[in-house]
């Protein structure tokens, strides 16, 4: 049992697969960077004072967001290439002739894919989240010119909006969803120069029809507090714009997700998308292992004389099916149709089960 995975062979297979993965990932990221930079240049042409170096920087900062989408495909197609490479050189034939089972030469490659998933989850994702946050900050500053800022913290909802007269900062302790009824509301008003004008406290507030409507209001402008039943404050914000302004799952580092989920739930916001994203990251090593095994089901039965296009087509079909199933189940989970755990873990589990079943039938059966 000690030599179930022969050390020399295992190191060789792991090295071949790692090299294939890094080369393919580098090519894919290079193509993505080229197209993303062209798109950013097109957008930057509409604004003044956007340096070319800034566009290049933003293209690099954007890579982690798209890289996380293409990473499973890089794992799959690098495995396909590795097996194709070994078949073309008759190396798998020699390995099987030496009496080794399919699992003995699959093990090192599956192990590398598991390590890639763990490394991405624990290291790359947190770094990528910081880069994505930096990209979005530059995008707002140079390419969108937004005047509103929304954030969620342990103390509740914070919202800043600029107006013709200056601006205001709104704070709410809790938000009742889906009515979007704020409780424990405080609003600070400022001039264009940043000087304080007044403070308004309200028991509740509701956003509708381009206005914040405050109820049970107390206003303090430096003199005697004034109490009113309700007041309206014009705003150009909509509910959708506020929700879209929150930190996206991709913008939140893996290690910060549990705390951010608790903060969202304590404030009253729906955290299903964040919980699905967190569970998806946990399941990613298993998904990558499943991708390698599925690649083996397509390529191990090939001979030297079978067309490579057949293998590539099989890989495309597998990748599309897994991607579609994963996206579909995430949508069901976000809409409360299925549990979060099922939405995140079912695709890798079913892909792994399918791959193992096929190999057991065709190779060991």
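Including glycine, each Cβ sits where the backbone N, Cα and C put it.
As recorded in TrEMBL, the features of this protein are as follows:
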TRANSMEM  12-35  transmembrane segment
TRANSMEM  66-86  transmembrane segment
TRANSMEM  106-133  transmembrane segment
TRANSMEM  281-302  transmembrane segment
TRANSMEM  308-329  transmembrane segment
TRANSMEM  341-360  transmembrane segment
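For the transmembrane segment (66-86), the residues of the chain that approach it from at least six positions outside its boundaries are 13, 16-17, 20-21, 23-25, 28-29, 32, 36, 92, 109, 113, 116, 120, 125, 128, 250, 284, 287-288, 291-292, 294-296, 298-300, 302, 308, 311-312, 315, 318-319, 322-323, judged by C-beta separation under 8 angstroms. Within its own chain, the transmembrane segment (106-133) has Cβ neighbours under 8 Å at 4-5, 9-11, 13-14, 17-18, 21, 60-65, 67-68, 71, 75, 79, 82, 247-248, 250-256, 281-282, 284-289, 291-293, 296, 359, counting only residues six or more beyond its boundaries.
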